[in-house]
Amino acid sequence: MNLSRRDFMKANAAMAAATAAGLSIPVKNVEAAESEIKWDKAVCRFCGTGCAVLVGTKDGRVVASQGDPDAEVNRGLNCIKGYFLPKIMYGKDRLTQPMLRMKDGKYDKNGDFTPVSWDVAFKTMAEKFKAAVKELGPNGVGMFSSGQTTIFEGYAKSKLWKAGFRSNNIDPNARHCMASAAVAFMRTFGMDEPMGCYNDIEQAEAFVLWGSNMAEMHPILWSRITDRRLSNQDVKVAVLSTFEHRSFELADYSLIFKPHTDLVILNYIINYLIQNDAINRDFVNKHTKFKRGETDIGYGLRPENPLEQKAKNVKTAGKMYDSNFDELKALVAEYTLDKAHEMSGVPKDVLENLAKLYADPKKKVVSYWTMGFNQHTRGVWANHLIYNIHLLTGKISIPGCGPFSLTGQPSACGTAREVGTFIHRLPADLVVTNPKHREKAEQIWKLPAGVITDVLGFHAVAQSRALKDGKMRVLWQMCTNNMQGGPNINRETFPGWRNPDNFIVVSDPYPTVSCLAADLMLPTAMWVEKEGAYGNAERRTQFWRQQVKAPGEAKSDVWQLVEFSKYFTTDEMWPAEILDKNPEYKGKTLYDVLYRNGQVDKFPLSELAEGQLNDESYHFGFYLQKGLFEEYASFGRGHGHDLASFDTYHKARGLRWPVVDGKETLWRYREGYDPYVKEGEGVAFYGYPDKKAIILAVPYEPPAESPDEEYDLWLCTGRVLEHWHTGTMTRRVPELHRSFPNNLVWMHPTDAQKRGLRHGDKVKVASRRGEIISFLDTRGRNKVPEGLIYTTFFDAGQLANKLTLDATDPISKETDFKKCAVKVEKAA
């Protein structure tokens, strides 16, 4: 029997599936067993790496999965979560029909969840939506979604909200994780997302991790970095964090710094570059310009908070002023080696070695960061400072060099950022506050002038406050779990959700904490139960086809959005003055205007592949996903956001945009790699008209909350390898649940001894906002310094975000989950 590598891996997957099911297959029968399984490509459902998988289906179920050997991202590998992908779909408590709180046969906020039809669910929703808009205007209704919905779903929801409801009150949970990176990209380069790609890994000579535990959070990329490090003795790895985690095992330089002092370290490096004449002056003079940022900008707390009252420049937090190199030099001069050591606690020699990595003109350096950088009340500044370092040294937009923000969700880039599901964004980096951008969107969407408004909605944290304060009445949460994942849930989120005047809808495959706090649960198709597309951290867009049907009456998010649009007319949602000027739109449903506009419904069912499942398209009578994508792609073609044709992505293992003349772009802004850089330009940061990037001078400013006598410990929250976010999927995989069944609190042994605590003790962790009961770990994988504890938020039985502070970066509005003050004592 001769098997190709691909066939061998498929057979391996068949064996794995049988083993997981408790079956034993003789080796000679493996190929026969595999032949009964239908295989197709898909994208992993978890992090933003974008690993490709082969999915095996049989008898209408997903029975196996395997890393795709033809995929450049992961090259046939999966992490522990990826290996168990099939099992995320078959938890015993899958939601299979809409469930509405009812009493005596009608909706009641305090009623019991009762099965209803989709029509009853949508009629109830529509009634609440219309009442909220009548009372409070378009921003009386809100959508909170995620970077886990597909590109098609993100586009459909953004269009329904911004055009149909004329409301910009739509935000993703990427606000909690990627907003600071996106804002800093836009401010620095005039365009979002990294200029490099994963190919940098095999060419870099130094890797610097800023607040990123890639070993557990991006393990496939970490395996590539490990291979690079161990195969070349000249390659170095530096890891910076407030505690020691598994990524430190590979580190040549370990930097454990005091919370929030990464700003000091970054400015020290810039000072070192200047003092040691390590500036690439030719690059800086040709390709950059200098600005200084506004300071004393507050912490994104409620306006009445003393910290906000005290801050001088809350209203101008994002302002940048013209500056020059000398002003930057003067600002960073105080960040000496002595000061950086004193404030951060990092040994001087280690700080200096890190600075030398960046200063060495012959050393190719890639900087990676995730939530440790972004979930930060000065996260935008932190992002700017790392861009400063790469711009000052010219180590950017070339193979093996560059700043690289890693995403945590599979389509935080593709859906949240590129599609534009933030309150201020439209597709392809357009924004609702720009009249020309609104006009372009209205033209593409075939809308009358003035339909899209410039009034911003409530960002993620502000949505919770608005519900609590009665400034918003309806929230539709889709494909996320904010009642567990959001900050300060006891004081800010829960009160608004259970406010009797508010109506909360949650679309999810499982009965999450959010579902149980809601008024209506909508059962959702997940992963390969629908046709989908994700955009990963390296600008790679990847497609998959529907491979099985969803259970019961569960429907995909895109079906829910498009079907729901039928319950509204333009007369109900648009002002009379617009309709009077454009009478041809009167009386039409939002479905007719948005999705039957001659573009979204352009492609007939005959364009579906023979035998292809596509429940949404067969329901609506046209190839919905293709129509949505081609209309969406028209926003970006011709100005640096080019996407390939829809059909191309079904054939490829993903392509990195901009895709021009069928060719993807690996490194943006560099001549010879980027088709938008003209011959002779060398480098062109074409997001700005002058094609220059911004170097921003900003200082250190303290955190919003620090330990004191009563709350004497720092709290940092995050994840572990085995679980993903709030555990909605991974805790329903028996193997993953057994490997890490509940949340822990990691503490330094000395801190434990001071409190009379021992490893394994049940402890109470309390902040000014709430408390949880957990279990102490003083010996495990995470080794924290004295004065700090680390915990995770995957455990619905502990709800760690009762502790966290709802402080945000005042510019990006991203939440700081990494720093607040707590106390720990033995639980009764």
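Every residue gets a Cβ built from N, Cα and C, even glycine.
What Swiss-Prot records for this protein:
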type	residues	note
BINDING	CYS44, CYS47, CYS51, CYS79	[4Fe-4S] cluster binding site
BINDING	LYS81, GLN148, ASN173, CYS177, 210-217, 241-245, MET371, GLN375, ASN481, 507-508, LYS530, ASP557, 717-726, ASN801, LYS818	Mo-bis(molybdopterin guanine dinucleotide) binding site
BINDING	PHE793	substrate binding site
DOMAIN	37-93	domain '4Fe-4S Mo/W bis-MGD-type'
SIGNAL	1-32	signal peptide
(request) Looking only at the domain '4Fe-4S Mo/W bis-MGD-type' (37-93), report the model's average pLDDT. (result) 97
(request) State the three-class DSSP label for GLY718 (Mo-bis(molybdopterin guanine dinucleotide) binding site), counting H, G and I as helix, E and B as strand, and everything else as coil. (result) strand
(message) Restricting to the binding-site residues CYS44, CYS47, CYS51, CYS79, which ones have a CA within 10 Å of the CA of HIS723 (Mo-bis(molybdopterin guanine dinucleotide) binding site)?
(response) none
(request) Show, in sequence order, which residues other than CYS44, CYS47, CYS51, CYS79 on the same chain lie with their Cβ within 8 Å of the centre of the Cβ atoms of the [4Fe-4S] cluster site. (result) PHE46, THR49, GLY50, ASN74, ASN78, LYS81, GLY82, PRO219, ILE220
(message) Cα-Cα, whole number of Å: GLU244 (Mo-bis(molybdopterin guanine dinucleotide) binding site) versus CYS44 ([4Fe-4S] cluster binding site)?
(response) 28
(request) Taking the Cβ of CYS79 ([4Fe-4S] cluster binding site) as the centre, count every other Cβ atom within 10 Å, in any protein chain shown. (result) 24
(request) Would you mind checking how many other C-beta atoms are within 10 angstroms of the C-beta on GLU244 (Mo-bis(molybdopterin guanine dinucleotide) binding site)? (result) 20
(request) Give the number of CB atoms, excluding that of PHE793 (substrate binding site) itself, located within 10 Å of its CB. (result) 24
(message) Given the binding-site residues CYS44, CYS47, CYS79, find the one whose Cα is closest in space to the Cα of LYS818 (Mo-bis(molybdopterin guanine dinucleotide) binding site).
(response) CYS47
(request) Quick one: of LYS81, GLY211, GLU216, SER507, GLY718, which binding-site residues lie within 10 angstroms of CYS44 ([4Fe-4S] cluster binding site), measuring between C-alpha atoms? Sequence order, please. (result) LYS81
(request) Report the nearest neighbour of CYS79 ([4Fe-4S] cluster binding site) in space among the binding-site residues GLY211, GLU216, SER507, GLY718, comparing Cα positions. (result) GLU216
(request) Sorry to bug you, but what's the C-alpha spacing from CYS47 ([4Fe-4S] cluster binding site) to SER507 (Mo-bis(molybdopterin guanine dinucleotide) binding site), rounded to the closest Å? (result) 20
(message) Please report the three-state DSSP label of CYS44 ([4Fe-4S] cluster binding site).
(response) coil
(request) Count the other Cβ atoms sitting within 10 Å of the Cβ of SER507 (Mo-bis(molybdopterin guanine dinucleotide) binding site), across every protein chain shown. (result) 28
(request) Taking only the Cα atoms, work out how far GLY211 (Mo-bis(molybdopterin guanine dinucleotide) binding site) lies from CYS47 ([4Fe-4S] cluster binding site), in Å, as a whole number. (result) 16
(request) Tell me whether GLY211 (Mo-bis(molybdopterin guanine dinucleotide) binding site) sits in a helix, a strand or coil according to DSSP. (result) coil
(request) Write down the Cα-Cα distance for CYS47 ([4Fe-4S] cluster binding site) and GLY718 (Mo-bis(molybdopterin guanine dinucleotide) binding site), rounded and given in Å. (result) 14
(message) Can you give me the same-chain residues 6 or more apart in sequence from CYS47 ([4Fe-4S] cluster binding site) with a CB-CB distance under 8 Å?
(response) MET217, HIS218, THR407, GLY408, GLN409, PRO410, TRP724
